[in-house]
Amino acid sequence: MMQQAIDKVIRRQDLAETEMMAVMQGIMEGKVTDSQIGGFLTALRMKGETVEEITASAKVMRSKALVVEVNQPHSIDTCGTGGDQANTFNISTAVAFVAAAAGVTVVKHGNRSVSSQCGSADVLEKLGVNIDLTPKQVETCVEQVNMGFMFAPKFHQAMKYAAAARRELGVRTIFNILGPLTNPAKVKGQVLGVFDESLTEVMAQVLKELGVERGMVVHGLDGLDEITTTTKTKVSELKNGMISNYVIDPRQFDIPLTDKEDLAGGDAEKNASIILNIVKGETGGKRNMVLINAGAAIYVGNAANSLQEGIDRAAEVIDMGLALDKLNQLIKLSQELKV
């Protein structure tokens, strides 16, 4: 099965959903060798992944994941594919606290660093959040503080079979794309940053196929997998079953352009202190970056009627100290749940 799939993809032929599901099942059940996984992932990346191939893979990964039950109709996740090589601070992690403080249920799904200096799990841990939670404990966090964090390796244990091949390859593969698509809480809304402009519409289509109701798939034209403040951003928005494509400019929202250097992060300690300063009200380029992305999260989470309204609400909750409160609530509760 694996040899045929590799051969087909090398010849730049797309796989049908059933074929892709069979390949992913084999990988997730440890039935495929590392060299086969590496060969397949490389060939697939060179061919370019289709909506069908990505959807099929996400379905298999979701079926193998531990489940988190969230009874909120507008729960969201904020994360990107990573792989933009930009080494910015953890923008989507800061955004999660702001959106939750604005009343959006945020169930964040993340990992330690893969392609950056510091992943969301690294920075949350440095901030004092206990990331080692069971599905039930994450559910408790969501019920009590309106947000929770799922540490990907704990919830996607079958991923361990692909880990060695991915590490040895060291390049972006379909797994970078799959991370944000396999949230164990099956959230209904997503702001999803992608590392490649050509992926915005593809990923919006995949979100629709997976049953997501509201989504903004974004790619900064400076290469960032976020809505950027250094230039314009391409957006594919999923709403009411329809996908619309457009470009936004931060200046439309009275946000001045920022230099990319102003968005630089560092290790977990540095990024934790950046996030802390932002939720404490520090102004400047980093705050503006969080505002525009949190605005999108608040809009997608149905707590604002437009991106502008979302941005205004984001500024309000930071300035009122509510985002800092949300961070402290998650730290306190997650530590109390330690077993």
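Yeah, the Cβs are placed from backbone N, Cα and C, and that goes for glycine too.
What you see is a predicted model, and the numbers here were worked out from it, not measured in a lab.
As recorded in Swiss-Prot, the features of this protein are as follows:
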BINDING   Gly80, 83-84, Thr88, 90-93, 108-116, Ser120  5-phospho-alpha-D-ribose 1-diphosphate binding site
BINDING   Gly80, Asn111  anthranilate 1 binding site
BINDING   Ser92, Glu226  Mg(2+) 1 binding site
BINDING   Arg166  anthranilate 2 binding site
BINDING   Asp225, Glu226  Mg(2+) 2 binding site
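On the structure: features taken from Swiss-Prot.
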{"residue": "Gly80", "record": "5-phospho-alpha-D-ribose 1-diphosphate binding site", "DSSP (3 states)": "strand"}
{"residue": "Thr88", "record": "5-phospho-alpha-D-ribose 1-diphosphate binding site", "DSSP (3 states)": "strand"}
{"residue": "His109", "record": "5-phospho-alpha-D-ribose 1-diphosphate binding site", "DSSP (3 states)": "strand"}
{"residue": "Arg166", "record": "anthranilate 2 binding site", "DSSP (3 states)": "helix"}
{"residue": "Asp225", "record": "Mg(2+) 2 binding site", "DSSP (3 states)": "coil"}
Binding-site residues: His109, Arg166 - member with fewest neighbouring CB atoms within 10 Å: Arg166
Between His109 (5-phospho-alpha-D-ribose 1-diphosphate binding site) and Glu226 (Mg(2+) 1 binding site), how far is it from one CA atom to the other, in Å? 16
Tell me the Cβ neighbour count for Arg112 (5-phospho-alpha-D-ribose 1-diphosphate binding site), meaning other Cβ atoms within 10 Å of its Cβ, over all protein chains shown. 17
Measuring Cα to Cα, how many Å separate the residue listed as 'anthranilate 2 binding site' from Asp225 (Mg(2+) 2 binding site)? 20
Thr88 (5-phospho-alpha-D-ribose 1-diphosphate binding site) to Asp225 (Mg(2+) 2 binding site), Cα to Cα, whole Å, comes out at 10
List which of the binding-site residues Asn111, Asp225, Glu226 have their Cα within 10 Å of the Cα of Gly80 (5-phospho-alpha-D-ribose 1-diphosphate binding site), in sequence order. Asp225, Glu226
Between the Cα atoms of Asp225 (Mg(2+) 2 binding site) and Ser92 (5-phospho-alpha-D-ribose 1-diphosphate binding site), what distance do you get, rounded to the nearest Å? 10
When a 10 Å sphere is centred on the Cβ of Asp225 (Mg(2+) 2 binding site), how many other Cβ atoms does it contain? 29
Can you tell me the CA-to-CA distance separating Ser92 (5-phospho-alpha-D-ribose 1-diphosphate binding site) and Asn111 (anthranilate 1 binding site), as a whole number of Å? 12
Mind telling me which of the binding-site residues Ser92, Asn111 has the densest Cβ neighbourhood, counting other Cβ atoms within 10 Å? Ser92
Express the distance between the Cα positions of Arg112 (5-phospho-alpha-D-ribose 1-diphosphate binding site) and Glu226 (Mg(2+) 1 binding site) as a whole number of Å. 18
In whole Å, how far does the CA atom of Glu226 (Mg(2+) 1 binding site) lie from that of Asn111 (anthranilate 1 binding site)? 17
